[in-house]
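What follows is a short report on a single structure.
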C-alpha cells in the first residue's frame, strides 16, 4: 500500500466551541464573556442590521470621477495607523540623556570661545542624530515594503466594466463582486443572492455563515461558497476592522525593553562620569589653582568622551541588521525592540491549525473494512462513486475524497442517479452500473452511525463499529463510512475512512528544539478537548489540557486582576495547552503567564487574536494573518509553521549577544577613561615630577585627541551588528549588575595598565627620576613632554579596541570566536589611523597642550617607540583576558547576582499538585488502563455521534486529528 497522503484545506474542518446560525451574525453564548472586541461587534451589527435607510441602495457601479470624489470625502480603505513624521524622528535623535550632555558641552565650549572644539562636538551631535534617523527610517521602509506587497485587491465595476483594483481605493457606493475564494474588501451589503462567508478571522468561529441581502459581510472575512454582487457600505475606520483598531489602542504597549535598558545604562554612566568629573573640577580649582575656564574645559571634555554618545545608534544599527537577517528567514519585524524581547522568550503560546499542523486534511491509510477483498483503495473508489467525480467538488469532503481516489477506476462505472448531501439523512447516495459486468448497485457515504443504521447486519457489527468510532473519537480522529448494496439490495458496510489535519513534519522536532533552547510551548486552540489531547500526544506535549470552563472567569478583559499569576500561574504551567478557548481567554492566558514572570510570545492570525498579540511580550502574526493581526503584532511570518518562530528566537539571541558585548564594552570604555583621568588628576600629576609648564600641571589630552578616540571607536562600533556570534542555548535576560561587574573587570585591567604606563612615562619624562626609570633601563632617551602626551593617547586608543575583542566573547578567551571580517577590518583601520596619528603627529600645542609624534627622533630606539607601546598593550590584553575568564568562573561558581540561576527567566515549572485544583481541573497523571478505556469511549460516544451527524451539513466536525498509523484493518484481520 502506498504511503501517499491526500491533502485538503483543513480550515473548513476546524472546530470551535460554538458555531454560527444562518440567521445570526454574532450569536449569544451563555459562557462567553464580553471581550475587548464585543463593543465593536455589537455596534457594527446594530448598524449593519438597522433600518434600510441607514444603508446605501444596491449600486450599479461608479465612474472613475465619482470614485475619486468619494475617496476624497471618505479617505482610503485602510486600517488607521499612527505614523511618526520623519522630521520628528530626527528631532528625537537630538534630545535625550546623551544628546543633552553633548549640547551642554557644546554650549560651554562656545561660551569659552573654544570655537574649533565646539565645532567638533557639534559635528558629532549632528552625525549621531543623522545616522540614528537613517537607521530608523530604513527599518520602517522594510515594514512598509511588506505591507505594500500584501495589499489586497478587489473586483469592482467601474466605468461600465469589471476590473481589479487596489482594495485601499474602494469607496462607499462601489459595486464589487464577492466570489468564492476571495476576501471581502470592505463592509458590504449583498444586492441579491446568497453566499457562505467564513468569519473565523473576525469572530473566532470556523463554521461558515450563510448570508443574503439582510446581512453584511465584513471586511476581513472570506467567501467560501457562491458568488454575488455587493455594494460597499463602509470603508476604512468605519469598518469593523477600524473599530477593532481603535479598541486596540486601549491596550497600552509597554516601552520596548531595550530602551529601558539603554536608559538605565545611560543614566548610570552619566551619573558616574558626572560625579568623578565634578570631583576633578573642584580638585583642580583647589589644588592647582587652575582658572575656572581651564578646569571646566577639562571636566567637560572628559565627561563628553566618557559617556556613550553613540549608544543608541549602535543598538539601532544592530537591531536593523538583525531585522534584515530575520527577513531572510521569512520573518518581518514591525518593531525593532521586539528582536530584543524575542531573545528572552521562554514561553511560546502557539495556535494549532496551520502553525502546529499543516492546515491540510489528509486521508490516512488507517482504514477499517468489513468484508473480504475490501481495502483502502476500493473503499475510496466507492466513496468517490457517491459523488460527481468528474465535476468540480461540491464541498470540502468531496474535495478530499476525490483527491485520494483513483478516478480512472471510477470511469468504469456509469452513474445513473445522484442524491446530493441532505442534512436530514446526513449522507450522499448514488445509483451506478458497472460498464464491464452490467451489475447495478447503490453506494452511499456519510456519518458512521447513520450508515450503521442502514446495513442489513447491524446487530452483528454494531459493537465493533461503535468501538471503532469511540476509539477514534477518543483520539481525535475524524471518520467517514461507506456502504454498498448487494444483488438483493441489502446494504453492506464497505469500510470506515479516517482523515485528519496532521502535524507538520517538522513540528515535533521543532518543539523538541524549543525545549532544548529553554522555551516551553503551550498550545492554544478553539478546537475540541479530545483533539487537543491527541495533538499533544503526537507532539510529545503534556497531555493535561485546560478547557475554557476551567479557566478563571474574567468579566472585563481590560481590567484583569494583578494576582492572576499568583493564583493561576502554576496551574497553567502544569498543562500542555488550552482547548475550546475564546479570544478573551487567550488575552487572559498571556497576561497570567506574564505575571508569573515569563517572557511570553503569542502566535495568532485573526482579528480576535489581536488583543492577545498586543498584550504578549512578542506578538507574532502567522502566515496568512489578517491586517488587524499584523497591525497588532511585533513580527509577521511569511512562511507557515513553528520552525520559523524558532529561527526567529535564535537570530534574536544572536542580536542580543551583539548588543550585550557592545554594552559591556561601552561601559568598560567609559569606566576606563573616566577612572584613568580621575586617578591621574589626583595622584599622577606632571607637577609632582617636575613639570614647570603652566598648562601641564596635571595630565590631560587635547580635545582633538579626545574626539579622535571617540570618532574612531564609534565608527568601528557601527560594524558590531555584523559580528560573528554563537546564540545562547538559554533565553537571554538582561542582568545589568552582572554586565557592570564584567565591564568593571575589563576596565580595571585596562585602567591599571594605563596608569602604570603613565607612571613609567612620567619617570622617563622627569629629570629627577629618569636615571631609575624604565626608559633609561631600555636605553631610551628621556621622554619629551609632547611624546608623553601622544604615547598615552596611543595607549588609551589601542586598549579601547583590544577591550572590544575581549568583551565580545563573554566568559571565554578572545580567540574562542573569531570576529566577522567587517568588524576586524574596521578595528584594523581604526588602529592604523590611531597609530599613524600618534607616530607622525605634528609638534604643536592644541589647547595649549604640547604634542609630538612618537616616531620623530634621532635614534632607531626613539623611532620604535610606537612599537613598544603596541607590545605593552598586547601583553596587558592577554592579562586582561585571563583575568576576565577567571572572574567569570568565580561569578558562575557563586551565582553572583543570579548570573546562573536567573539565566532562563522565571525559574522551574512546578509539577501538578492537588493545591492547583481550580474549577474542577484534574490532570492526566497516567494513561488510562484497558479496563477504563471502554468507559472513556462510552463517555465520548454520544458527543462524537452528534458531531459526525453534522459532518456533511457544515463540512465540520469536532473530531479532527488521528495518529499517523499507515495501516488498514480488515474485519478478518481483527
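Keep in mind that glycine also has a Cβ here, set from the backbone N, Cα and C atoms.
Considering the side of the membrane named for each residue in Swiss-Prot, residue 116 and residue 725 coincide. As annotated in Swiss-Prot, transmembrane segment covers the listed stretch 631-651 rather than the other ranges in 589-609, 610-630, 631-651. For the topological domain 'Extracellular' (113-117), residue counts in helix, strand and coil come to 3 helix, 0 strand, 2 coil, using DSSP. Per-residue pLDDT, averaged across the topological domain 'Extracellular' (287-294), gives 75. By the Cβ criterion (distance under 8 Å, sequence gap of 6 or more), the transmembrane segment (93-112) is not counted as touching the transmembrane segment (698-712), fewer than 3 such pairs being found. Non-local neighbours of the transmembrane segment (813-840) in the same chain are 708-709, 712-713, 715-716, 718-720, 722-726, 790-791, 793-794, 797-798, 801, 804-806, 853-856, 866, 869-870, 877, 881, 885; each lies 6+ residues outside the stretch with a CB under 8 Å from one of its CB atoms. On its own chain, residue 714 (Mg(2+) binding site) has 309, 310, 313, 314 as residues at least 6 apart in sequence with a Cβ closer than 8 Å to its own Cβ. Long-range contacts of the topological domain 'Extracellular' (652-661) within the same chain, counting only residues at least 6 positions beyond its ends with a Cβ under 8 Å from a Cβ of the stretch, are 258, 315, 318-319, 321-322, 325-326, 339-345, 720-721, 723, 725-728, 731-732, 739, 807-810. Cβ contacts within 10 Å of residue 351 (active site, 4-aspartylphosphate intermediate), excluding its own Cβ and spanning all protein chains shown: 24.
Spatially close to residue 609 (Mg(2+) binding site) yet at least six residues away along the chain are 351, 583, 586, 602, 629, 632, judged by Cβ distances under 8 angstroms.
Under the three-state DSSP scheme, residue 605 (Mg(2+) binding site) falls in the coil class. By the count of Cβ pairs under 8 Å, the stretch nearest in packing to the transmembrane segment (118-137) among 295-321, 738-761, 869-887 is 295-321.
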